[in-house]
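Here is what TrEMBL records for this protein:
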type	residues	note
REGION	1-43	region 'Disordered'
COMPBIAS	21-31	compositional bias 'Basic residues'
DOMAIN	253-356	domain 'Ig-like'
Amino acid sequence: VIGQPAKSKRPKEPGENKIKPINKKVKPKIPKMKEREPADSSLKSQSILTQVMDKGRFQKLAATLSLSAGQSIELRCKGSNVSWNYPSYLDTFKDSRLSIKQLDRYGQLILANSTAADTGEYSCWLQLCNGNKCRKDETKTGSTYIFFTDKEELFVPTPSYFEIVYLNPDKPAVIPCRVTTPSAKVTLHKEFPAEEIEIDGTDIIYDVKKGFIYQHPTSDHKGIVYCKAESQGAPQISIKYHLLYVEVPKGPPSTTITASPSRAEVSGSVHVICTVLGEPDVDVSFRWQYPGQESERPVIIQNFWRLINRESGHTTRISKSILLVEDFEARDAGNYVCIAQNLQGETTVATEVELK
């Protein structure tokens, strides 16, 4: 209505427009706490590893991933100092398909034109460094096992057609016939007598990432075996594995030394032989000390090893180092010392060579 006096407006108080119920107690709102992720190591370990997808998308990786052979893959790990682990043969052959770079905020691994042989574990972790000393940050790691499936290659290819597997009574033994297709049905077979080996899930188990595992190897398990895999087509056969039973006491090398002859003539030659008997899969290294060493007396040193079968079906590794002195002189007479070393320690033995 024209001419009606305007109502005086006062500023509204904050929240005044809301209708409040009368005589009703209002519970104070408690902000919801974000549920903490369970302290599960598998979840925690996936926190820094992602796969780069199409159109710049990223995907956190599960414990396993299946891709078709031929595909390329890019993985990223958050952090300014990232280390990587991947199937070792990619290093052995210095494969140009593999590219690893460290950028400002993440490490990058690219594998182009994948093959069945690339099947395996891919992992990364953050390095914590203080000066030249670095250690692995156990709270910031990532890992996934990638199957590069290939109908023509059900088994992950290996560089050889025959492998030796050592059966130690005090540790599990692995028959490493891994497959590229996780759904493949895999069985284990003995070559002689020709029969399928029963997998009971207790003494012998199958792990798709490792192969068949003998939990408690015995001498009864020795022999030649192979694996067979089936997946929507004709079955395929793996390479053969020669299972050798081993029972050698653990410890520093069991070492002996002999000189031939122990009394040498001037201008003659002397062989000093250092011999170690030990576990087939334990490497032994040798060092020598001899009379003419300080004057840089030329000598010839040869190292070699071979496997020997002993009684009860046991297999032992015999390692030898032979030091040859030619044109023997008076200065060559004295003590010849051999130091043999393995992972458990070292053993020192000596023999004297006299001048005739």
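Glycine too: its Cβ is placed from the backbone N, Cα and C atoms.
Remember, predicted model here, so these are calculated numbers, not experimental data.
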- Note on the structure: What DSSP reports for the domain 'Ig-like' (253-356) is 6 helix, 65 strand, 33 coil
- Message: Looking at the domain 'Ig-like' (253-356) alone, can you tell me the average pLDDT?
- Response: 90
